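These come from TrEMBL:
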BINDING   Arg51, Arg59, Ser95, His96, Asp117, Glu161, Lys165  CoA binding site
BINDING   Asp117, Glu119  Mg(2+) binding site
DOMAIN    41-106  domain '4'-phosphopantetheinyl transferase N-terminal'
DOMAIN    113-187  domain '4'-phosphopantetheinyl transferase'
Amino acid sequence: MPPSSIKHCKDSFLDILFPDSVVTAESLPHISRSSLHEDEWEIVADSVPERQAEFCGGRVCAHQALKQLGMADSAILQNKDRSPRWPDNVTGSISHTQGYCAAAVAKKDDIEGVGLDVELDSPLDWKLSELICSPQELIWLSSYPLSERSKLAKIFFSTKEAAFKCQFPITQEFIDYAQAEITLDFNELSFNVIVTHKSPEVSLVCSKIHGRYEVKNGFILSGATILKD
């Protein structure tokens with residue numbers, strides 16, 4: 001894939017999601033075995049082409065963002081939970097959907113956690129909304145016209161995904177959708193998350209998340225950041 005097709009921090013529509021210490025890159029999905037380390041390609045060697053294209057696009061973005069961060073090139077493999085295995089002094093997140101891939105990385109000296117999620121800007125099936133949204137969120141959604149509820153529910157889904165990705169490397173705990181409650185600020189394009197979890201540490205970590213979202217060019221983009229204390 002030509003380098004010009006990869007956009008970096010501050011010239012893409014990812015720039016409002018994160019503070020300046022987070023570096024981002026975006027790309028189209030594409031199959032480019034030569035752009036990956038051999039160990040990376042082995043992860044998707046037997047996958048369907050769509051999965052290979054999204055994986056390659058995401059990893060290329062991650063490599064480009066790490067390069068911009070001043071990191072040496074190395075394979076980004078997978079942990080047992082399939083999350084990316086970043087260099088020891090780096091926190092990051094990769095996301096992809098149909099027609100779009102992106103990555104965000106930062107040095108742990110500056111940022112404790114990063115979460116990125118991208119989704120198509122399309123309505124969420126209402127049956128799924130009832131599983132993803134908390135009772136309070138469903139009440140809030142009911143105040144909007146039917147035509148808007150499923151689209152707003154998709155934003156809830158995306159922002160929760162970003163928050164979950166942000167906290168997981170720190171806590172190593174999974175969060176159920178019903179345990180997280182999102183509050184959206186339409187004016188600031190920001191979100192807060194309150195998590196009720198059996199582990200007080202998880203709730204405390206999530207209370208530190210700074211969330212931003214954007215709906216643009218047919219995509220929902222959500223970013224979550226935990227600043228270094």
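Cβ coordinates come from backbone N, Cα and C, glycine included.
Note: the Cα of Glu161 (CoA binding site) and the Cα of Glu119 (Mg(2+) binding site) are spaced 10 Å from each other. In terms of local Cβ density within 10 Å, Asp117 ranks first among the binding-site residues Asp117, Glu119, Glu161. Non-local contacts of His96 (CoA binding site) by the CB criterion (under 8 A, 6+ apart in sequence, same chain) comprise Pro29, Glu54, Phe55, Gly57, Gly58, Ala102, Val118. Taking the binding-site residues Arg59, Lys165 in turn, the residue surrounded by the fewest other Cβ atoms inside 10 Å of its Cβ turns out to be Lys165.
Within 10 Å of the Cα of Glu119 (Mg(2+) binding site), not one of the binding-site residues from the list Arg51, Arg59, Lys165 places its own Cα. Over all protein chains present, the Cβ of Arg51 (CoA binding site) has 15 other Cβ atoms lying within 10 Å. Take the CB of Ser95 (CoA binding site) and look out to 10 A: across all protein chains shown you find 25 other CB atoms.
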